[in-house]
Structures are given as C-alpha cells and as structure tokens.
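Data block below; observations after.
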Amino acid sequence: MAFQEDGNHTAVTEFVLFGLTDDPVLRVILFIIFLCIYLVTVSGNLSTILLIRVSSQLHHPMYFFLSHLAFADIGYSSSVTPNMLVNFLVERHTISYIGCAIQLGSVVFFGSSECFILAAMAYDRFMAICNPLLYSTKMSTQVCVQLLLIAYIGGFLNTWSFTICFYSLVFCGPNGVNHFFCDFAPLIELSCSDVSVPATVPSFTAGSIIVVTVIVIAISYIYILITILKMHSTEGRQKAFSTCTSHLTAVTLFYGTITFIYVMPKSSFSTDQNKVVSVFYMVVIPMLNPLIYSLRNNEIKGALKRQIGRKIFS
C-alpha cells in the first residue's frame with residue numbers, strides 16, 4: 001500500500017525508485033557489472049583492513065586511517081549497491097518510508113565520515129613531512145582516536161540533520177523518486193509541504209563539512225609542497241611525493257564528483273548525468289580506493305608479499 005489517510009491528507013508509505021534504466025536487456029548487463037564491482041569493493045576493502053591489522057609494519061597512523069577509510073567505503077557502497085542490484089531484477093522497485101530514511105541516513109553518515117577521514121589523512125601527511133621530529137607526539141594513538149571520533153561524530157550529526165529534515169517533509173503523492181536510491185534532492189521535489197527549512201539545513205551542514213575538510217586538506221598540502229620544494233635531496237623529494245600521491249588521487253576523485261553534484265548549478269546538468277556521477281562516487285570510487293593505495297604504496301605491497309609468503313611456506 002503506497003498511500004494512507006493521515007488527517008486531512010493522504011500520506012506516502014513507500015517510494016518507487018526509477019533506477020538507472022527501463023531497458024530490460026541493459027538492466028541485466030548493468031546487474032552483472034555492478035555485482036562484480038560490489039564484490040571487488042567488499043573483498044578489496046576487507047583485505048585492506050585485514051592486511052593492516054595483521055601486519056605489524058603497517059601499524060602507523062596513516063594505515064590506521066586507511067583501514068577506517070576502507071570501512072567507510074564498504075558502508076558507503078553497501079548503503080546503495082545491494083538495493084540497486086534488486087532494482088535491476090524487478091519491474092517496479094519500491095522502498096518503504098522507513099527504509100528510505102535508513103538508506104538516506106547511511107549514505108550521509110558514511111559519506112560525511114569519509115570527508116573527515118580524508119582530512120585526517122592529509123593532516124597526518126602534513127605532520128610526517130613538515131614536522132617529522134614531532135610526528136610521534138603529535139600523531140600518537142590518543143590523537144588518532146580523537147580524530148577518528150571527530151569523523152564519526154561529525155558523520156552522525158550530519159546524518160541527524162538530514163534525518164530530522166526528512167521526517168519533517170510531508171509526502172502526499174506522487175511517490176516516484178527519479179534516482180536509484182533515496183537521495184535528498186529528488187525527495188524534496190516530491191514534498192507537498194514547505195521545504196524552505198528542510199532544504200536549507202542539510203545543505204548548510206553538508207556544505208560546511210565539505211568546506212572545512214577541503215580547507216584542512218588544501219592547507220596541509222600547501223605546506224607539504226613548500227616543504228618538499230625546500231628539500232635538497234632528489235630521493236627525499238620523490239619519497240615525500242610518493243607518500244602523498246595515493247591520498248591526493250583519492251581526494252581528487254571523491255571531492256571532484258561531490259563538487260559536480262552538490263556545488264555546480266542544477267541547470268548545468270541533467271538528472272541522468274546526476275545519476276551517472278552518483279554511481280561513480282558511490283559505487284566505483286569505493287572499489288578504486290584499495291587499488292589506488294595498494295598499487296602506489298610500497299609498504300602495502302611489501303606487507304602483502306610477506307603475508308602471502310608466510311601462507312605459502314607455513
């Protein structure tokens with residue numbers, strides 16, 4: 001039942017997700033592609049977490065944050081991908097009102113937490129390259145845990161703002177969401193109540209998180225670049241650059257797509273383009289992050305070889 005009487009109006013009890021396409025053949029193809037991507041995402045990020053946990057040489061702040069980035073990527077992708085896979089297999093995919101709120105909250109929590117974790121990783125690189133003598137003090141276990149708590153608390157607070165605003169919306173119908181998940185923007189368009197406050201508050205909280213974390217990352221890398229340019233050793237410069245390239249690649253991919261969706265004017269791109277970019281940063285990027293960090297990081301590659309060697313010769 002999609003609607004029920006609620007006082008003087010009819011309230012929506014479920015939403016219909018339009019998904020990515022109506023073409024039945026393309027749906028099957030996309031189902032296979034995204035199932036493979038999701039399996040690689042989960043296995044790759046779980047492998048990263050386990051490798052960091054069992055390898056003593058990776059028990060450093062950078063890899064501590066990387067393991068939680070992998071956890072956030074699993075949660076981020078799992079918030080959307082399984083539901084999207086079901087959407088490919090059924091003719092008319094519905095999601096309950098509560099289910100929509102849970103999915104929205106999960107996406108916001110893991111996405112916001114990832115912003116903070118990426119900022120913490122940039123700060124860690126700043127301390128390692130610009131203040132190496134103070135690194136062990138400034139990036140102690142206690143400090144790392146505090147930064148991680150800030151990341152998850154920030155994610156929770158942003159989720160709370162989105163969830164409260166979602167529940168303040170009144171949906172009278174239609175109930176078709178022109179997306180493959182319960183994104184807040186298309187839900188706002190379906191509301192039959194005043195959306196001035198519910199539309200503003202989440203934009204402010206999410207925008208603040210993006211701006212603050214981008215500033216932290218930008219300032220960190222400005223100081224890192226200045227420090228590297230002052231180095232006289234070519235080998236030292238190359239080593240410093242190599243420790244930052246993986247993180248910079250991940251930051252560029254993540255914030256680049258977020259900027260396209262949430263910062264650029266809506267009139268400059270279509271809903272279908274929005275969907276494609278959303279797929280990239282919610283489904284594809286979580287798969288790419290383990291590859292980015294493992295292929296460009298000698299310590300992770302070395303730890304992986306040692307673990308494989310132990311398994312073979314044990």
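Every residue, even glycine, has its Cβ placed from backbone N, Cα and C.
As given in Swiss-Prot:
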type	residues	note
TOPO_DOM	1-28	topological domain 'Extracellular'
CARBOHYD	Asn8	N-linked glycosylation site
TRANSMEM	29-49	transmembrane segment
TOPO_DOM	50-57	topological domain 'Cytoplasmic'
TRANSMEM	58-78	transmembrane segment
TOPO_DOM	79-102	topological domain 'Extracellular'
DISULFID	Cys100-Cys192	disulfide bond
TRANSMEM	103-123	transmembrane segment
TOPO_DOM	124-136	topological domain 'Cytoplasmic'
TRANSMEM	137-157	transmembrane segment
TOPO_DOM	158-199	topological domain 'Extracellular'
TRANSMEM	200-220	transmembrane segment
TOPO_DOM	221-240	topological domain 'Cytoplasmic'
TRANSMEM	241-261	transmembrane segment
TOPO_DOM	262-274	topological domain 'Extracellular'
TRANSMEM	275-295	transmembrane segment
TOPO_DOM	296-314	topological domain 'Cytoplasmic'
Inset, instruction - Return one of helix, strand or coil for Cys192 (disulfide bond), based on DSSP. - result: coil
Legend entry - Long-range neighbours of the transmembrane segment (200-220), counting only residues six or more past its ends (CB under 8 A): 108, 112, 115-116, 118-119, 122-123, 125-126, 154, 157-158, 161-162, 164-165, 184, 251, 255, 258, 262-263
Inset, instruction - Let me know how many other Cβ atoms fall within 10 Å of the Cβ of Cys192 (disulfide bond). - result: 15
Inset, instruction - Go through 29-49, 137-157, 241-261 and flag the stretch with the largest number of C-beta pairs under 8 Å relative to the transmembrane segment (103-123). - result: 137-157
Inset, instruction - Verify whether three or more Cβ pairs under 8 angstroms connect the transmembrane segment (29-49) with the transmembrane segment (275-295), leaving out any pair fewer than 6 apart in sequence. - result: yes
Legend entry - Chain residues outside the topological domain 'Cytoplasmic' (124-136) and at least six past its termini with a C-beta under 8 angstroms from it: 61-62, 65, 220-221, 223-224, 227-228, 240, 243-244, 247
Legend entry - For the topological domain 'Extracellular' (79-102), mean pLDDT (0 to 100): 91
Legend entry - Folded-back contacts onto the topological domain 'Extracellular' (158-199), same chain, C-beta under 8 angstroms, at least six residues removed: 2-3, 9-12, 14-20, 79-80, 83-84, 87, 95, 97, 99-101, 103-105, 107-109, 112, 205-206, 209, 271, 274-275, 278-279, 282
Legend entry - Residues that sit under 8 angstroms from Cys100 (disulfide bond) by C-beta distance, when 6+ apart in the chain: Phe15, Phe166, Val177, Cys182, Leu187
Inset, instruction - Determine, from DSSP, whether Cys100 (disulfide bond) sits in helix, strand or coil. - result: helix
Legend entry - Residues of the parent chain within Cβ reach of the topological domain 'Cytoplasmic' (50-57), under 8 Å, 6 or more residues beyond its termini: 63-64, 66-67, 299-300, 302-304, 306-307
